[in-house]
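Here's what TrEMBL has on this protein:
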- D136: active site (ACT_SITE)
- D461: active site (ACT_SITE)
- E107, D136: UDP-alpha-D-glucose binding site (BINDING)
- K270, D294: Mn(2+) binding site (BINDING)
- 20-42: transmembrane segment (TRANSMEM)
- 49-68: transmembrane segment (TRANSMEM)
Amino acid sequence: MADSSCSLPPLYENISYKSYILRAVDLTILGLLFSLLLHRILYMSQNGIIWLVAFLCESCFSFVWLLSTCTKWSPAETKPYPDRLDERVYDLPSVDMFVPTADPVREPPIMVVNTVLSLLAVNYPANKLACYVSDDGCSPLTYFSLKEASKFAKIWVPFCKKYNLKVRAPFRYFLNPFAATEGSEFSRDWEMTKREYEKLCRKVEDATGDSHLLGTDNELEAFSNTKPNDHSTIIKVVWENKGGVGDEKEVPHIVYISREKRPNYLHHYKAGAMNFLARVSGLMTNAPYMLNVDCDMYANEADVVRQAMCIFLQKSQNQNHCAFVQFPQEFYDSNTIKLTVIKSYMGRGIAGIQGPINVGSGCFHSRRVMYGLSPDELEDNGSLSSVATRELLAEDSLSSGFGNSKEMVTSVVEALQRKPNPQNILTNSIEAAQEVGHCDYESQTSWGKTIGWLYDSMSEDMNTSIGIHSRGWTSSYIAPDPPAFLGSMPPGGLEAMIQQRRWATGSIEVLFNKQSQSLSSFIVSCLHIAYSTTLPYFPRDFVLA
């Protein structure tokens, strides 16, 4: 809970980057472009087909340029002050962290493991965090790697917090030699931790080459006779934090899940996986905030969760304005200069209008908003209005919207009413969690329609965020230095072309669906189409099997 005192400094401030000089330059360029097009039109009849082709090309260029100018007209971002949280907040809210993966070949388990380890080690009370790994490939190798990583996490997390490491993904941290006096405590801890990490890597690598090394663990029986597109729901509590006091030596919850998939049922790709994550986490921990991170985007800033909480927890007259907080995608293994256009225009630019769109990773969501809540259904203090309470919490409304699971309905009510999270034993919720993972659970419900991640487009991230904005919510954009998340770029060639086609197709679907009702959504969709057909590389965004 946050302190309501107004005498304390704010937890964040909005920074505007608009320049009247650049605006004047843009208006001048716009006038010149219109003059050129008018000149083409007036003298079209006096020239041949080449003149017409030139007019069409220049019109397309002017249209894209105009859209780009609209986004950079009022660029802005949010600057958080996480060091002020301790003064303002005496009970930090819980956060459920989602890491989806689908293919152990394209997304090697050791990469997934490093992303998970970086999230477990962030500067946030361990008893307030839970990490859920969604494996749509139903791979025993991914589960085995995660189980081995949970053992190493008991060494890695205390080591990171004890010495306040800046980089908390082991594979990146151990690239650089340490600077410490030989024989010192840090030197001994560093060498021991590195040895344990190398053991982890060898185990994962050996198991990758020889499946017999996965062991004869009874828990692996659930993976027998399974196929990526044909298997039952699997939920495993890899590690449960039973300390519950947030000690620096504690490790957050780790849960492995793989939803049921059958050949004759639509699984809705990543959006379906994210909705299953929302349901399972709602049953087990039901944190008011959720973070989704691609399996190749590790946490590069230890205070990233605190930075997002600065936005959500700031007391103001419009405290319920922010639906999600988006961090930009940045990369450590490629030249990403060409992505500056997306970062500058689509990030800061749209942030100056109604807020940035969700880019599929590095985004903190409010659970209540993802459950379909609108700003006009809230009182000034953030509680549900009397009308919303009658309509949203009616038994018929809940069952038709969220499904027939009584446990799921109970968790939804608790989330909407902002009730504190009960310290339940995670394993007690496995049976209910398996129920909400059945292929036909979402049938005749609002999942993917008005609740959770939406199903109307291949670009589920953009589609969902535009739907959130259309209900009246805003979002915030934070671009810290160093970057909050860093990931790997996909190789060029066929994979890059497939990614560009997927982005362009998804953007076209968003452009013409019912969510695109505002000017900002129209601009975003058109720019995505333009950029996805011109930029040679795009961030990795896996295609689920």
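Placement of Cβ uses the backbone N, Cα and C atoms for every residue, glycine included.
A separation of roughly 9 Å, to the nearest angstrom, links the Cα atoms of K270 (Mn(2+) binding site) and D136 (active site). Counting only same-chain residues six or more apart in sequence, the Cβ atoms lying under 8 angstroms from the Cβ of D461 (active site) belong to I357, N358, V359, G360, C363, W453.
In the shown protein chains, 26 other C-beta atoms lie within 10 A of the C-beta of D294 (Mn(2+) binding site). For the pair E107 (UDP-alpha-D-glucose binding site) and D294 (Mn(2+) binding site), the C-alpha distance works out to 10 angstrom.
Look at the recorded positions E107, D136 and count other Cβ atoms within 10 Å of each Cβ; E107 has the fewest.
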